[in-house]
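Scroll down for the structure; my scribbles are underneath it.
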């Protein structure tokens, strides 16, 4: 595949996997947690690097999963002791992120890992860092990681579909029915963590938040069914990847930045014209209702 | 006859404030009980603590002679309507189907039979025409009926309802009370967190008067008196009388 082909594939996979996880994230009202985890996984990556001295996919995924879970547990721990939810999120992730930054500056300090890269990603390097996969040949390591994460995350969403639905909609009933609500919560936090780290190389910690939240928020405006929202959200993520790539090519600017911008444009369009919740539709309905009142 | 629910010396707290203090009572099968008490008396907390949804600091709760985790399928719980997000992308039928998730199992999808059961339950609550309606488009009373249909479909033996009549229209209130009486006639046991003292005598055969601890509990005709009401609501009612009258 061509250099541009790999970049488009990487970006599309990021959009797809972030869109899927993002849909549940929005419905569980945890957008702030995504913000937190996408930053604190940096610490997990740095520690994984310090322990193994290499930046391979598997180690980074494990480190990120651990850091994400640690974030979720610490936030819960502080919250249970009287600290406001949002305050505890803010305290935990900035602290973990700061430790990660300090470790990079003092312990790692080489070309493979720097703060700029962590925040913004560098998708243009991805096609060069390849690995050999039996049956697929030489493919970029990031693409392999993203494929694995997509399979795992997509599989978990499909397998536990009913449990995700009920624990998101009515956790009290879910718990009363014997569905392990806390386990599902931490499983979801782990899914966000591995998604964030898989997308990390491509788009970085800041842009991954846009990829997680915005396509899902747009999809939410188009449908009244959870399954459709999940698919639409993934599709919007892929669309944003293509549109962002095209925009970056035309404007000769950052690919990840353009992708995040494209998600924003998609959301704005949805916000204006989606049939049920869109601004235009609401105006029309209000107008029609006013007409009925007059006649 | 064995009690369906036994609560012994139940304690619970929010942070450091004690909300339930040595709560003890038995509930016999086939009864329809109103749980009443002032705001902050621990009515909702009592339900949640019994169902292991809120930490128990002491005491024992037995459903059908066993711990809650062994009796889950026999207990139907209806949380307060305001406790969920009604903008969630789903329809009324789907919400009712959730009542069956405990029985359907982890990995199976709801089948046609489950759908029929859910539709039947919606029909009993007069909501069959709204099965495919997005839940945010339902009125408050209709949403409450969907919640009750979800409890019905569980086909439980003991129902615990948290404020099902709060803020609903008169038609919904009649439909809900009718449903509760039908359940009782079928030998089921029902406990309802209730706020309207006016209707207790007409609608409930038993009453549990709660203010952090049990003030009185038994047949409404025997224990629902001026004296027990005054003791349950304490200074709260007297203050209210001064303000309103």
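Backbone N, Cα and C define each Cβ position, glycine as well.
Remember, TrEMBL labels are computer predictions, not curated facts.
Fair warning: this is a prediction, and the values are worked out from it, not measured in the lab.
Among the features that TrEMBL reports, transmembrane segment is placed at A:6-27, A:34-52, A:58-78, A:90-109, A:143-161, A:173-196, A:202-222, A:229-249, A:255-273.
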Counting only CB pairs under 8 A, let me know which of A:34-52, A:58-78, A:143-161 has the most with the transmembrane segment (A:90-109). A:34-52
Any contact between the transmembrane segment (A:34-52) and the transmembrane segment (A:202-222), i.e. 3 or more CB pairs below 8 Å with pairs at least 6 residues apart? yes
For the transmembrane segment (A:143-161), which stretch among A:173-196, A:202-222, A:229-249 has the most Cβ pairs under 8 A? A:173-196
Which residues of the chain, 6 or more past the ends of the transmembrane segment (A:255-273), have a CB below 8 A from one of its CBs? 7, 11, 14-15, 120-121, 123-124, 202-204, 206-207, 210-211, 214-215, 217-219, 221-222, 236-237, 239-241, 243-245, 247-248, 279-281
Folded-back contacts onto the transmembrane segment (A:6-27), same chain, C-beta under 8 angstroms, at least six residues removed: 33-34, 123-124, 126-127, 139-140, 142-143, 146-147, 149-150, 153-154, 157, 164, 168-169, 188, 191-192, 195, 198-199, 202-203, 208, 211-217, 219-220, 226, 229-230, 233-242, 244-245, 255, 259
Within the same chain, where does the transmembrane segment (A:202-222) have neighbours whose Cβ lies under 8 angstroms from its own Cβ atoms, ignoring anything closer than 6 residues to its ends? I mean 6 or more beyond. 10-11, 14-15, 18-19, 21-23, 25-27, 31, 34-35, 38-39, 41-42, 117-123, 126, 142, 146, 192, 195-196, 228-230, 232-237, 240, 256-257, 259-260, 263-264, 266-267, 269-271, 274-278
